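Engineer: The annotation domain 'Cytochrome b561' is assigned in TrEMBL to 6-230. What TrEMBL records for 1-16 is signal peptide. The feature transmembrane segment is assigned by TrEMBL to 42-63, 94-116, 128-150, 171-190, 210-234.
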């Protein structure tokens with residue numbers, strides 16, 4: 001996809017031929033020679049396409065898919081993976097998608113203004129769309145920084161979220177705005193293909209392969225994003241565990257439990273350390289059975305269990321196993337903890 005995007009961003013230049021230096025333009029221009037206009041138009045198209053067809057799609061797909069693989073998915077999306085930092089400069093350290101995406105859009109917008117008449121900047125659709133896109137990208141960048149800086153406060157004040165799984169409304173607004181930017185960017189790139197020919201008085205041509213590459217990129221990005229929506233249940237489960245570990249002083253502890261019917265069962269528990277935090281939420285620990293383990297009954301009676309941070313009051317399993325667990329509870333006696341491994 002990246003290779004196709006690079007070809008798209010430079011495809012117009014590959015087939016460009018410069019006309020006479022005094023040709024009359026039929027599309028807005030300032031006091032520019034034909035060669036200067038063509039050069040600026042190619043740079044404008046290349047930078048804009050790099051943002052809308054490469055950087056923004058990678059940022060969206062990174063946020064959708066990488067978060068279920070690593071907690072450091074912020075690096076690909078545009079922010080530093082440092083949830084403890086409240087410093088905007090540190091938050092944006094090495095932010096590829098955030099810094100370069102915003103920079104490319106600003107540069108493309110400035111070049112677009114230079115290329116058109118000063119009195120007719122935003123009366124045509126492509127120009128108006130460019131202005132709206134710039135505003136949305138700036139708002140998205142500011143919004144993203146605010147969300148990141150607010151994450152520590154939100155976690156330290158649990159009353160601000162309904163549960164440990166809660167996602168505040170502003171997170172969804174950030175997502176929807178990002179998708180709007182992605183779609184608007186695709187449209188803006190497409191609409192620019194014909195305008196660059198019109199503005200150059202025929203000296204620049206958009207090859208057919210560029211239109212094909214545009215369609216391929218849009219199709220692949222759309223398919224990958226829709227496929228990534230299927231990862232949401234796994235994402236929510238991992239987010240809950242990460243919050244417990246990183247924000248509530250949790251610690252992963254492996255236990256072996258036993259039922260009369262099924263024998264020893266191994267499970268990994270993420271234990272929330274602070275009693276005050278435990279009381280605010282449904283359970284004091286989150287248990288995720290290993291692939292080779294028999295599901296434990298829920299709630300598990302481990303009142304006498306010992307851990308590095310004290311007794312565990314209760315434990316829960318992912319909701320997808322609840323029905324199976326209820327069936328097993330009818331056939332087995334209470335689960336008891338026999339040892340810690």
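Even glycines carry a Cβ here, placed using N, Cα and C.
All annotation found in TrEMBL is predicted automatically rather than curated by experts.
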Engineer: Could you tell me what the rest of the chain brings near the transmembrane segment (171-190), counting residues at least six beyond its ends with Cβ under 8 Å?
Structural biologist: 8, 48-49, 51-53, 56-57, 59-60, 63, 126, 129-130, 132-133, 136-137, 139-140, 143-144, 147, 214, 218, 221
Engineer: For the domain 'Cytochrome b561' (6-230), what is the mean per-residue pLDDT, to the nearest integer?
Structural biologist: 72
